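The domain 'Flavodoxin-like' annotation in TrEMBL covers 10-154. The feature FMN binding site is assigned by TrEMBL to 16-21, 63-66, 101-110, ASP136. Taken from TrEMBL, the feature domain 'FAD-binding FR-type' covers 227-475. Sequence annotations record features per position, and here TrEMBL assigns FAD binding site to ARG377, ARG407, ALA408, PHE409, SER410, GLY441, LEU442, CYS443, SER444, TRP629. Annotation source TrEMBL lists NADP(+) binding site at THR483, SER549, ARG550, LYS555, VAL556, TYR557, VAL558, GLN559, ASP591.
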Amino acid sequence: MVMEEKPKKLLILYASETGNAIDAAERLGREAERRGCPVLLLSVDDFDPSSLPDQEIVIFVVSTTGQGDNPDSIKVFWKFLLQRNLSQNWLSRVSYAVFGLGDSSYQKYNFVAKKLDKRLSDLGATPMVERGLGDDQHPSGYEGALDPWMSTLWKALYQKDPKLFPKGPELMTSNMTLMDQPKVQITYHDVAEGTLNFSSIPDVKLLEMQIESTRFVLPGKLSGKCSPDCFLKMVKNDQLSKAGCGKDVRHFEFEAVSSTIEYEVGDIVHILPGQDAAAVDAFMKRCNLNPESYIRVQLKDNKENEQGYDLRNTLKVPVRLKTFVELAMDVASASPRRYFFEVMSYFATAEHEKERLQYFASPEGRDDLYEYNQKERRTVLEVLEDFPSVQMPFEWLIQLVPPLKTRAFSISSSHSTHPNQVHLTVSVVSWTTPYKRKRTGLCSSWLAELDPQKGVLIPAWFQKGSLPSPPPSLPLILVGPGTGCAPFRGFVEERALQSQSGPTAPILFFFGCRNEENDFLYRDFWLFHSQKGGVLSEEKGGGFFAAFSRDQQQKVYVQHKMREESFKIWNLLSEGAAVYVAGSANKMPSDVLLAFEEIVSKEGGVPKEAAVRWLRALEKAGKYHVEAWS
């Protein structure tokens with residue numbers, strides 16, 4: 001009797017920070033399965049790197065974060081690949097493909113995908129196709145590159161091993177056959193069973209349990225540490241910018257409620273925002289959900305044991321359905337993914353709606369979908385209201401509605417100066433879409449509307465950012481236009497405190513904004529520390545320099561002020577200063593780097609190429625740090 005050969009699974013490994021790489025990897029997996037190829041889809045940190053040489057074919061989908069940084073999930077894997085004892089033919093039996101997700105407005109565009117591609121090749125692996133680079137700036141987002149790249153990949157895979165696609169790389173099974181298995185299972189409990197568990201639990205503990213019990217459903221490692229580090233309550237909400245100037249920048253102060261806060265200057269806090277109550281109610285009504293029912297959600301284990309459930313991925317206690325939506329599902333801020341429209345098409349009963357949804361989900365409709373959905377930042381609720389005949393089961397909604405993500409903010413206080421407090425400097429985000437619809441940032445708007453008197457509990461997670469806390473003996477050159485000044489407020493507070501008990505190194509700080517009158521953030525604070533004996537004073541070898549870009553005919557930015565102070569900058573660099581840059585990711589970081597290159601070349605008397613190498617060495621030595629956001 002001949003044993004039937006078990007079909008090989010195509011291994012797809014992803015490393016995601018915000019969820020886009022997970023979406024792209026899942027899409028690759030679905031498309032492979034439609035061609036008859038079974039898939040094993042894993043987060044890179046669930047894969048043992050020492051078994052990489054045993055794989056015949058591996059597909060990598062990796063995002064780049066910040067200034068060319070690795071997502072957390074790939075850090076251990078990458079460290080393993082960099083080991084010196086790995087030979088040049090360590091991966092000689094492995095064929096691979098890399099697709100990267102990035103944003104070309106950043107200096108180190110798709111840096112993680114590029115270096116992973118090079119390292120795999122250096123270790124002897126064979127690329128099956130040229131690496132694909134998805135770009136957020138493309139009119140269709142990363143999918144503009146993913147679609148053609150996938151098409152090339154299927155042909156290359158078929159050429160390498162025709163058994164992967166039994167009927168060829170183009171022939172696809174009906175999507176309907178893949179439609180019957182959402183990844184989650186819901187058990188409904190009666191109200192008495194749900195409320196019984198919570199009657200005697202304090203508010204903070206209850207919220208912590210609810211967060212822990214809902215956020216595990218976030219895909220991959222997005223959920224991070226489910227339980228918050230602490231809960232904050234707002235004690236101050238001040239507007240820093242002048243009212244009516246077109247910008248709304250706030251100074252927020254929070255105190256820890258549940259436990260003590262621990263952080264260093266330069267760290268980041270992640271906040272889970274609240275959602276608009278009316279929008280959550282409208283979503284419930286539109287989807288025919290009973291907000292008062294209690295549910296237990298199980299995430300089906302999609303690894304080797306298709307039938308089993310991963311016990312880690314089970315609600316510990318039944319939770320109110322409305323609470324689940326509020327804490328885990330972004331119904332009124334994030335735009336749904338392309339797959340959402342595809343699944344909707346199966347549940348549409350009106351023919352014209354079904355046709356439009358199928359078109360949106362097709363390669364031909366990609367650009368029109370981008371116009372309708374991402375460009376307009378259409379929300380899940382708006383999309384569902386546009387297609388009234390669609391009634392999706394709650395299991396599918398849990399799987400496909402974008403997860404409610406935490407928002408990251410640079411901390412603008414020193415823990416030593418403000419024990420048990422954390423301060424933030426936040427620009428309230430608002431914009432107009434191409435069709436003139438007003439949009440606001442979920443978290444910044446929610447924070448701006450919070451009343452400190454109400455004592456709302458805010459879940460918070462702390463983590464290291466790109467700006468390490470400097471020792472008092474290290475001279476600093478800080479560049480922070482706009483809200484980029486936030487972390488440096490903490491730096492200056494800390495150094496001012498340190499200077500009371502011993503000598504500290506000088507600080508040069510370059511700040512920029514539009515108008516001195518409208519958005520000179522923390523003006524009195526900077527000027528106070530620039531006075532005689534202050535840590536930003538000339539007397540201490542430091543300095544504070546502000547560029548007001550719109551206060552004269554010719555625009556003046558931080559890089560112009562830097563060039564004016566090139567002698568001081570060079571002197572401090574010669575004394576071993578570290579450079580810290582924070583603010584908008586747009587052009588600022590590259591303009592500032594260019595200014596540094598010119599200063600090193602001019603004051604150091606070296607050619608431009610040598611100045612570029614000098615600054616690269618400074619970065620490698622851990623003395624040139626950038627934290628930028630878009």
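Positions of Cβ are set from backbone N, Cα and C atoms, glycine also.
The FAD site in the record is lined by ARG377, ARG407, ALA408, PHE409, SER410, GLY441, LEU442, CYS443, SER444, TRP629, and its two most distant CA atoms lie 25 Å apart. For the NADP(+) site, whose binding residues are given in the record as THR483, SER549, ARG550, LYS555, VAL556, TYR557, VAL558, GLN559, ASP591, the maximum C-alpha distance rounds to 19 Å.
For the domain 'Flavodoxin-like' (10-154), the model's pLDDT averages out at 92.
Sequence-distant neighbours of VAL556 (NADP(+) binding site) (same chain, 6+ residues apart, CB-CB distance under 8 A): ALA547, PHE548, SER549. With DSSP classes pooled into helix, strand and coil, the tally for the domain 'Flavodoxin-like' (10-154) is 58 helix, 34 strand, 53 coil. With GLY66 (FMN binding site) as the anchor, the candidate binding-site residues are LEU442, ARG550, ASP591, and the one with the nearest CA is ASP591. Of all the binding-site residues listed here (ASP103, ASP591), the one with the fewest other CB atoms within 10 A of its own CB is ASP591. The Cβ neighbour count for SER63 (FMN binding site), using a 10 Å radius over every protein chain in view, is 29. Reported as a whole number, the C-alpha separation between SER444 (FAD binding site) and TYR106 (FMN binding site) equals 23 Å. Counting only same-chain residues six or more apart in sequence, the Cβ atoms lying under 8 angstroms from the Cβ of TYR106 (FMN binding site) belong to THR64, GLN67, GLY68, ALA585, PRO589, ALA628, SER630. Cβ-based neighbour count (10 Å, all protein chains) for GLY19 (FMN binding site) stands at 18.
With the fewest other C-beta atoms within 10 Å around its C-beta, SER444 stands out among the binding-site residues SER16, SER410, SER444, THR483.
In this structure the alpha carbons, written CA, of SER63 (FMN binding site) and THR483 (NADP(+) binding site) are 25 Å apart.
For ARG377 (FAD binding site), applying a Cβ distance below 8 Å and a minimum sequence separation of six or more within one chain yields SER335, THR433, ARG439.
Considering only the binding-site residues SER410, LEU442, THR483, ARG550, VAL558, the residue whose Cα is spatially closest to the Cα of GLY19 (FMN binding site) is LEU442.
Here is what falls inside 10 Å of the CA of THR483 (NADP(+) binding site) among the binding-site residues SER16, TYR109, ALA408, SER410, LEU442: SER410. Within 10 Å of the C-beta of VAL558 (NADP(+) binding site) there are 27 other C-beta atoms, taking all protein chains into account.
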